[in-house]
Amino acid sequence: MPTPHEAEKQHTGPEEADRPPSMSSHDAAPSGPPSRNPCCLCWCCCCSCSWNQERQRAWQVSRESKLQPLPSCEVCTPPSPKEVQSWAQSFDKLMHSPTGRSVFRAFLRTEYSEENMLFWLACEELKAEANQHVVDEKARLIYEDYVSILSPKEVSLDSRVREGINRKMQEPSPHTFDDAQLQIYTLMHRDSYPRFLTSPTYRSLLLQGAPQSSEA
């Protein structure tokens, strides 16, 4: 059994030779937390932003590869006076003219009903598609964008047409939305078309094509 003197020696800590050398004032550790390199912070921030932008861009490309967004203007050539006048003859002539559709679409945008034209054009694209895989994907996107009640671009369809679409979506085809397309076409014809003919948009086009009177 160790004597009291030996026990005291055992609890006095390591011998002087075993103790680590004391640090000088130059080697002392800083009292506060280590400072970060501002360049590292800048790089991390830029890297994070860059990654988020790239992820968003990849998602957008993936979506656009399935259903290409329609251009804001189908054509850029100005219509002839005769063509502009023909738009007042019938709604069919307006809708069969790429320029007429573009002008009418711009008018619908001012009435916050552009989704009607967008839906009609999307249905036209679907009917021209032959690849069944693409048909399935486009039909799903058209449904989500224009038929779903959760979509901000939902078009106005009656319950009968909606029920028919829900049944057809089990096996989509290029003609899944034919009834809905006709209903929206009729809505634009009866509701928006008469206002378009009296709008400043259409009247200005008529005036541009009117013959100028010459002064003597």
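Cβ atoms are placed via backbone N, Cα and C, with glycine included.
Taken from Swiss-Prot, the feature region 'Disordered' covers 1-30.
Annotation comment: Swiss-Prot describes 1-19 as compositional bias 'Basic and acidic residues'.
Residues or ranges marked as phosphoserine in Swiss-Prot: Ser24 (among others).
Taken residue by residue, the domain 'RGS' (90-206) breaks down under DSSP into 86 helix, 0 strand, 31 coil. For 90-206, the entry in Swiss-Prot reads domain 'RGS'.
Among the features that Swiss-Prot reports, phosphoserine is placed at Ser97 (among others). When other Cβ atoms within 10 Å of the Cβ of Ser97 (phosphoserine) are tallied across all protein chains shown, the result is 19.
Within its own chain, Ser151 (phosphoserine) has Glu144, Asp145 as residues 6 or more apart in sequence whose C-beta sits under 8 angstroms from its own. Annotation comment: Swiss-Prot describes Ser151 (among others) as phosphoserine.
Taken from Swiss-Prot, the feature region 'Interaction with GIPC' applies to 207-216, supported by similarity to another entry.
Per-residue pLDDT, averaged across the region 'Interaction with GIPC' (207-216), gives 60.
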